[in-house]
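As structure tokens, the structure follows; a few thoughts come after it.
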Amino acid sequence: MELLKRKIIEEGIVLSDQVLKVDSFLNHQIDPLLMQEIGRTFANRFRESGITKIVTIESSGIAPAVMTALELGVSVIFARKRKSLTLQDDLYTEKVYSFTKKEESEVSISRKLLSPSDRVLLIDDFLANGEAALAMARIVENAGAEVAGIGIVIEKAFQNGGSKLRELGYDIESLARVTSLQSGSAVFAD
Ligand code: 5GP
């Protein structure tokens with residue numbers, strides 16, 4: 001997606017050869033027009049996949065997920081990282097090792113929100129080693145539902161998440177595939 005790549009080049013900050021900071025439009029401040037375009041692009045790609053729900057993880061997946069959901073006319077479930085008074089029982093819970101925080105945490109979704117008839121599109125902001133996407137996929141599959149696709153805003157193609165998920169047979173769309181951050185700027189696959 002050209003608009004996204006331009007944003008990454010103009011506003012992305014390469015923190016190391018592994019980590020890209022995009023706080024000005026995705027991870028802290030949100031650019032709504034860019035999110036709208038991201039939503040349209042994911043929706044067009046997965047329009048024929050029979051999607052009934054979108055699943056993401058709080059918080060940075062929510063904006064692209066909602067814009068996609070608006071286009072597809074479905075609801076968004078965001079997996080929650082902390083249990084709260086209102087979300088305690090009857091949960092699907094999976095462990096996720098966070099690439100950026102370097103710690104393990106748990107994500108949960110209420111069992112009431114997923115059913116075996118659901119065809120789910122997973123959406124996330126970044127794909128690195130695939131931990132977050134795999135945790136979401138396990139939750140969906142534990143509910144007896146099907147992962148019908150995975151939409152990633154920025155895939156770091158030099159890490160192994162993309163190949164892991166493709167080998168497992170998931171249908172993945174990444175809107176920007178970064179092949180290197182080594183020169184201090186992002187290099188794209190195409
Ligand atoms: P994975 O679970 O695929 O290893 O990592 C994906 C998750 O880690 C994403 O949900 C995102 O929050 C975070 N992440 C991974 N790499 C980056 C990065 O380079 N920049 C930012 N901002 N987040 C990242």
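Cβ atoms here come from the backbone N, Cα and C positions, even for glycine.
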| Listed co-binder of xanthine (same site as N27, K156, source TrEMBL) among L20, L165, L168 | L20
| So what's the average pLDDT for the domain 'Phosphoribosyltransferase' (32-157)? | 95
| Within the domain 'Phosphoribosyltransferase' (32-157), how many residues are helix, strand or coil going by DSSP? | 44 helix, 49 strand, 33 coil
| task | Could you measure the widest C-alpha to C-alpha distance across L20, N27, K156, the residues recorded as binding xanthine, and give it to a whole number of angstrom? | result | 16
| Can you tell me how far the Cα of N129 (5-phospho-alpha-D-ribose 1-diphosphate binding site) sits from the Cα of L20 (xanthine binding site), in Å? | 14
